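Presented below is the structure to which this report refers.
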Amino acid sequence: MTPPASAPRVITVVGPTAAGKSDLGVFLAQRLGGEVINADSMQLYRGMDIGTAKLTLPEREGVPHRLLDIWDVTETASVAEYQRLARREIDRLLAEGRTPILVGGSGLYVKGAIDALEFPGTDPEVRARLEAELAERGSGVLHERLAAADPDAARSILASNGRRIVRALEVIEITGKPFTANLPGDEPVYDAVQIGVDVERPELDERIARRVDRMWDAGLVDEVRALEAAGLREGLTASRALGYQQILAVLAGECTEDDARAETVRATKRFARRQDSWFRRDARVVWLGGGHRDRGELPHRALTLVERAVTA
């Protein structure tokens with residue numbers, strides 16, 4: 001399904017963590033008279049500020065940022081709910097003649113917003129049974145079952161990610177189809193200009209390490225401690241966020257703070273690689289250099305790309 005030529009434009013700024021997406025989103029919104037719509041699943045949570053690198057109010061430079069701080073840390077993330085909220089914001093901006101700019105590295109959230117993606121329903125009885133089995137037998141056993149039922153899904157879901165494994169098995173049982181059959185293709189709902197920010201791996205790894213250091217120095221441990229008191233540990237999604245999961249382990253006496261800091265760096269580097277792989281599978285994403293040699297030119301190259309697409 002291809003939108004008609006007159007379909008309004010949506011811009012996405014995607015790529016791995018620490019690539020420089022947020023600043024580029026602010027620049028484009030200022031130049032195009034638009035607003036930023038958050039597409040980072042963990043920035044949806046209230047109070048998760050330091051560890052998600054959420055822009056402060058001064059850093060937003062007056063640009064409205066939508067879909068930040070909308071969920072409590074005890075709530076489980078829902079791509080279907082995000083899709084509803086994001087499309088509402090997109091449609092509002094388009095109706096006002098303004099430019100929606102989705103910014104974030106949560107690939108499924110971006111696709112859910114701009115592509116034709118329908119979510120299978122849920123069955124509380126099936127979900128409860130699978131979650132009980134997860135608690136009793138562990139994610140490894142369920143991952144083996146998923147591998148037998150849908151090898152492609154098993155390859156794309158970490159064996160340690162019990163929540164996603166349970167969801168995949170639930171969908172298979174409800175629909176009678178492989179979980180991957182329900183994953184999004186590239187059928188657009190909106191005519192989108194998709195910009196990927198590309199940073200070479202050695203430089204990106206250095207940025208990630210420095211960012212984690214800044215987060216610790218800015219008080220991430222205290223932020224997690226306060227969120228723990230607000231129910232973070234019980235949140236199935238928020239408690240797994242990078243940095244937060246590791247510090248919760250410190251607060252539980254399971255590791256040292258130095259160990260948690262080092263593991264946060266390692267886990268974030270692995271996560272950045274998975275993000276990069278996800279977005280590179282989408283041929284519609286145009287990649288622009290965001291490394292130190294290109295950083296000064298990135299905003300103007302992105303603006304030129306958008307302007308050419310709009311006038312094409």
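Residue numbering: from 1, along the chain as shown.
Cβ from N, Cα, C; glycine included.
Feature list (source: Swiss-Prot):
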- Gly15, Pro16, Thr17, Ala18, Ala19, Gly20, Lys21, Ser22: ATP binding site (BINDING)
- Thr17, Ala18, Ala19, Gly20, Lys21, Ser22: substrate binding site (BINDING)
- 40-43: region 'Interaction with substrate tRNA' (REGION)
- Ser106: site 'Interaction with substrate tRNA' (SITE)
- Arg127: site 'Interaction with substrate tRNA' (SITE)
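DSSP assignment over the region 'Interaction with substrate tRNA' (40-43) gives 3 helix, 0 strand, 1 coil. The Cα of Ser106 (site 'Interaction with substrate tRNA') lies closest to that of Gly15, out of the recorded positions Gly15, Ala18, Gly20, Ser22, Arg127. Note: Ser22 (ATP binding site) has non-local neighbours Ala53, Leu55, Glu59, Val103, i.e. same-chain residues 6+ apart with C-beta under 8 A of its own C-beta. Excluding the listed site residues Gly15, Pro16, Thr17, Ala18, Ala19, Gly20, Lys21, Ser22, the same chain places Gly105, Val197, Val199, Gly290 with Cβ atoms within 8 Å of the centre of the ATP site Cβ atoms. Around the Cβ of Ala18 (ATP binding site), 25 further Cβ atoms fall within 10 Å across all displayed protein chains. Sequence-distant neighbours of Pro16 (ATP binding site) (same chain, 6+ residues apart, CB-CB distance under 8 A): Gly105, Val197, Val199, Leu204, Phe271, Ala272, Arg273, Gln275, Asp276. The record gives Thr17, Ala18, Ala19, Gly20, Lys21, Ser22 for substrate. Within 8 Å of the mean position of their Cβ atoms, the other Cβ atoms in that chain belong to Gly15, Pro16, Asp23, Ala53, Gly105, Val197, Gly290. Classification of Ser22 (ATP binding site) by DSSP places it within a helix. Arg127 (site 'Interaction with substrate tRNA') falls within a helical segment according to DSSP. In this structure, the recorded positions under consideration are Lys21, Arg127, and the one with the smallest number of other Cβ atoms within 10 Å of its Cβ is Arg127. On the backbone, the CA of Ala18 (ATP binding site) and the CA of Arg127 (site 'Interaction with substrate tRNA') stand 35 Å apart.
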